[in-house]
Amino acid sequence: MNQTIYLLRHGETVFNSQGRYQGELDSPLTDDGIAQVNSIARLLKMYIGDPKKWAIISSPLGRAMQSSEIICNTLGFDVTKVEKDNRLREVSVGSWAGLTMKEIEEKWPKLLKHTDHYNWFFNSPNGESYTSVEERVADWLKSIEGREKIIAVSHGLTGRILRGVYTNLEKTQALKLEVSQDIFFKLENHNVERFSIEYDEY
């Protein structure tokens with residue numbers, strides 16, 4: 001069986017637009033975020049054929065579910081059949097949730113001293129570890145073996161790690177993967193293909 005997974009990130013949220021790190025907190029999509037998801041859904045529709053042959057699995061967080069609903073409306077998919085899977089939720093940043101980088105640096109200056117742009121997320125005093133996220137996305141990938149056509153709606157950091165696990169990347173490589181909200185990815189035969197609403201005609 002040849003399995004295909006389309007991996008999408010939710011659209012831009014209010015917290016995204018304010019530079020606030022959400023983790024497992026939530027905020028609604030902005031108008032730009034809604035437009036992003038609409039564009040992605042229209043582009044995705046060109047590639048999937050009959051939507052009835054696909055399963056949609058989403059993080060249960062509100063921003064992912066809001067994005068899933070928009071996708072369902074475009075694809076003609078029954079939103080009540082969207083499967084919620086907690087393993088696709090965003091990485092928890094613990095006490096840093098809802099804060100900006102400036103606010104984090106002011107409250108925990110020493111914790112960020114030896115970090116970089118890619119790995120600082122995992123230095124929150126009570127946040128989730130990279131290994132924990134790696135294990136849960138690996139478990140999710142294993143759980144969908146035998147299912148042929150999957151559309152997954154997840155998050156920026158979790159999506160990075162998921163693609164890293166899928167292609168067997170080291171942590172340092174996985175954390176540098178792209179997370180823009182105007183792209184999505186096709187995962188097939190342990191390869192990843194990128195699709196962008198910026199460059200594709202539809």
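Just so you know, glycine gets a Cβ as well, placed from its N, Cα and C.
Heads up, TrEMBL stuff is auto-annotated, nobody curated it.
In TrEMBL, the substrate site is described by R9, H10, G11, E12, T13, V14, F15, N16, and among R42, R63 the residue recorded at this site is R63. The Cβ neighbour count for G11 (substrate binding site), using a 10 Å radius and every protein chain shown, is 26. Around the Cβ of E90 (active site, proton donor/acceptor), the number of neighbouring Cβ atoms within 10 Å comes to 26. Applying an 8 A CB threshold to same-chain residues 6+ apart, the list for F15 (substrate binding site) reads Y21, Q22, L25, S27, G98.
In sequence order, S17, Q22, S27, L29, T30, G33, Q181 are the residues of the same chain, not among R9, H10, G11, E12, T13, V14, F15, N16, R63, whose CB sits within 8 A of the CB centroid for the substrate site. According to DSSP, E90 (active site, proton donor/acceptor) sits in a coil region rather than a helix or strand.
In the structure as shown, the Cβ atom of T13 (substrate binding site) sits within 10 Å of 24 other Cβ atoms.
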